[in-house]
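As recorded in TrEMBL, the features of this protein are as follows:
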DOMAIN    28-253  domain 'Nucleoside phosphorylase'
BINDING   Ser35, His66, Arg89, Phe90, His91, Ala121, Ser226  phosphate binding site
BINDING   Glu207, Asn249  purine D-ribonucleoside binding site
Amino acid sequence: MGDDIPLSFDASVDAIKRVLPINLQSPRVGIICGSGLSGIVNVFRDVVLIPYENIPGFSTSTVPGHKSTLAFGLLGSGEGVPVVAMLGRFHPYEGHSLSSVVYPVRIMAKLGIKDIIITNAAGSLNPSIPVGTIVVIQDHLALPNLTGMNPLLGPQTSKDLPRFLPLSDAYSPALRRLVFLAAHQLQLDDSALAEGTYAWVSGPTYETPAEGRFLRRVGADVVGMSTVPEVLAAREEGLNVVVLSLVTNFVVIPETYRSIKEEVQAELAGKKVELPQAQVVSHAEVLAIGQEKAGILMKLVESVVDSL
Ligand SMILES: O=P(O)(O)O[C@H]1O[C@H](CO)[C@@H](O)[C@H]1O
């Protein structure tokens, strides 16, 4: 993954500010919308939409369920909090370099946000975290990071940024608290929210059963192909981070491992066998669950922003 974009932060910030009214020029909170989760813009007030193609340094998302638009507006009760939301993100599997993937996070930081709420669609590796659950991420496991695919590799974008970034506190306990308090206020069922560890994989293939078992055994609860690069850049920029993963599918359920050997042996012995079929995940399924559950996630985000 190369550093293929010129560092044009000022040009990007200028292009954005030029089209914003004064009350939206310094957003307080950034939001990244995961697959099928861009509906939050519908509850913004005074909305200004800027296509990524109008912002120097921004790429274009190629994934269904990801628009390529930066949305500014006021969110929450009263006067509202000025926010900026990425309606669509970039993933390395699309061919974007890691520096392109995290570029919008750096621009949101330059615009002045202090907190960032990152959402994603993810597969569950944990049998006690069913589809539809919103997982408040408390930690991550990023095999690509450990093996050299880290967006912070290479020259830093500013000499003021820390070279060796600690990640023991990457997921803000204070913001995570606000999420659970917001859920209480919204009277969400206790089972609506869980806490867990996000495994970042490069994709675009979904996991094999063996990979799913491996990620579960090494401590991950959910898995996805995004988010971690953004978290790293956000932390490097000094932002407070909270990540909400909407579980759209199960990656692996132990009972779905069918043994063809046993099946054939049983058949040869004249026994009737009805073994469960393996599940096949699809992006259409991911988007469908996203559509079904996006409302709750959006209410949660709005309520957290309101309580900041
Ligand atoms: O993480 P987001 O962007 O929500 O999307 C998730 O959904 C896609 C797979 O269906 C992958 O891109 C995965 O990361």
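Using the three backbone atoms N, Cα and C, a Cβ is placed for every residue, glycine included.
Asn249 (purine D-ribonucleoside binding site) and His91 (phosphate binding site) are 19 Å apart (CA-CA, integer value).
His91, Ser226 are the binding-site residues among His91, Glu207, Ser226 whose C-beta comes within less than 6 Å of an atom of ligand 1, given in sequence order. Of all Cβ atoms in the protein chains displayed, 19 besides its own lie within 10 Å of the Cβ of Glu207 (purine D-ribonucleoside binding site). A simple way to gauge crowding: the CB of Asn249 (purine D-ribonucleoside binding site) has 19 other CB atoms within 10 angstroms, across all the protein chains here. On the backbone, the CA of Ser35 (phosphate binding site) and the CA of Glu207 (purine D-ribonucleoside binding site) stand 18 Å apart. Around Ala121 (phosphate binding site), the same-chain residues six or more apart in sequence whose CB sits under 8 Å from its CB are Gly34, Ser35, Gly36, Leu37, Gly65, Gly224, Ser245, Leu246, Thr248, Val286, Leu287, Ile289, Gly290, listed in sequence order. Burial estimate for the binding-site residues (His66, Arg89, His91): highest at Arg89, by number of other CB atoms within 10 Å.
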